[in-house]
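Peer 1: According to Swiss-Prot, the feature transmembrane segment maps to 20-40, 93-113, 127-147, 172-192, 198-218, 259-279, 286-306, 328-348.
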Amino acid sequence: MNIMIEIPEFIIPLIPWIRGVVGLVLVGAIFLGAMGAVWLERKLSADIQFRYGPSRVGKFGLLQLVADAIKLFTKEDMRPRNADRLLFDNAPIFMMSSVFLMLVAIPVGAVFINGVEYPLAVTEMDISVLYIEAMSAITIFGIFMIAYGSNNKYSLLGAFRNFARMVGYEVPLGITVVSVAIMTGSLNIVEIASAQGLLWNIFLQPIGFIVFFIALMADMGRLPFDQNESEEELVAGWITEYTGMRFGLGFFAEYIHMILGSFLVALLFLGGWNVPAFVANNPVLGLIAPTGFFLLKTVLVLMTIIGMRWAVPRFRIDQVVDLSWKRLLPLSLLNLVWAVGLGLYLGA
């Protein structure tokens with residue numbers, strides 16, 4: 001449901017600027033959210049393993065993040081002797097930038113102002129789904145720049161594994177997104193989220209949701225798909241040679257990518273910010289509940305992704321390739337046929 005807010009006409013021209021400010025605030029909030037995701041993963045992992053986890057520095061160990069950040073950013077910034085200086089120094093910045101570029105098209109809610117819908121995002125694009133997919137795929141170039149610039153065999157092997165995995169899983173991921181877009185008749189992620197109402201796409205396309213979630217896990221490189229940085233084989237994979245602040249940039253880029261992936265699951269399959277009518281029509285809850293409900297879904301998806309780390313063992317690289325081409329690709333095509341048929345039926 002949508003929220004209606006009546007405001008003076010003279011404020012209407014300022015709305016793009018207001019939305020831009022909101023978008024910048026969201027960028028900062030996502031960075032803090034990445035720090036929170038690190039703490040959440042450590043605490044949730046500790047609970048699963050019957051440990052305490054961070055508990056000494058601050059209440060519930062919350063200040064452990066600050067302590068780790070101070071330690072990380074004050075470490076010596078070392079560069080291998082034979083590394084490519086240009087690539088080695090700038091690749092983490094490129095990778096972080098490509099992740100943040102995804103954020104500008106991802107909304108966290110929407111309001112109706114004088115009959116016009118304005119999403120809470122930096123910008124709204126008619127092809128925002130394709131834009132997000134493209135920015136997500138660009139991160140592989142940052143990883144290759146890091147690996148090649150490091151002049152390290154373990155880094156390069158990790159990058160090759162990452163490339164092999166992304167090539168296989170971007171295909172079913174993209175087909176599933178197209179299936180969702182067909183149901184809505186739009187590539188605008190705002191329209192896809194709004195069109196679901198309370199009948200979420202997870203109920204209309206359950207197979208598509210499963211394929212999308214598995215492919216997204218592989219795209220993010222989370223267990224059981226972290227063959228590109230498996231400690232037993234490749235030390236730390238593509239980021240082996242990095243220390244200090246540059247290591248921190250690559251590390252946080254992974255967690256920000258994980259948060260944005262959780263956003264996409266909530267937007268494409270879990271109804272986004274849609275709430276029941278009695279909540280949307282409440283003058284107080286109507287302003288808070290949609291975004292709060294959306295963020296709650298995002299946190300639940302994030303906790304599921306984190307929990308998978310301790311629930312499923314790491315796959316071999318051949319198992320990863322087989323799962324993509326022999327399982328997920330046929331299922332994604334089957335879901336595409338289902339989406340087309342269901343779209344024609346509902347349209348009729």
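Cβ coordinates are placed from backbone N, Cα and C, and glycine is handled just like the others.
Because the structure is a prediction, the values reported are computed rather than measured.
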Peer 1: State the non-local partners of the transmembrane segment (286-306) in its own chain: residues 6+ outside its ends, Cβ under 8 Å from one of its Cβ atoms.
Peer 2: 3, 5, 37, 40-41, 44-45, 108-111, 120, 217, 220, 222, 258-259, 261-263, 265-267, 270-275, 279-280
Peer 1: Would the transmembrane segment (93-113) and the transmembrane segment (198-218) count as touching if the test is at least 3 Cβ pairs under 8 Å, pairs 6 or more apart?
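Peer 2: Between the transmembrane segment (198-218) and the transmembrane segment (93-113), which are separate recorded stretches, there is no contact, as judged by 3 or more close Cβ pairs.
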Peer 1: Six or more residues beyond either end and a Cβ under 8 Å away: which residues meet both conditions relative to the transmembrane segment (172-192)?
Peer 2: 105-107, 110, 117, 119, 121, 124-130, 132-133, 201, 204-205, 208, 211-212, 215-216, 219, 267-269, 272, 324, 328-329, 331-333, 335-336, 338-340, 342-343, 346
Peer 1: Under an 8 Å Cβ to Cβ limit, what residues of the same chain, 6 or more beyond the ends of the transmembrane segment (259-279), are close to it?
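Peer 2: Residues 1, 30, 33-34, 37, 99, 102-103, 106-110, 132, 177, 180, 189, 192-194, 196-198, 200-202, 205, 208-209, 212-213, 216, 219-220, 285-286, 289-291, 293-294, 297-299, 301-302, 305.
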Peer 1: Quick test of the contact rule: Cβ under 8 Å, at least six residues beyond the ends. What residues does that give for the transmembrane segment (127-147)?
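Peer 2: Residues packing against the transmembrane segment (127-147) from afar: 87-88, 90-92, 94-95, 98-99, 101-102, 105-106, 155-156, 158-159, 162-163, 166, 170, 173-174, 177, 181, 187-190, 192, 219, 228, 238-239, 242, 250, 253, 257, 264.
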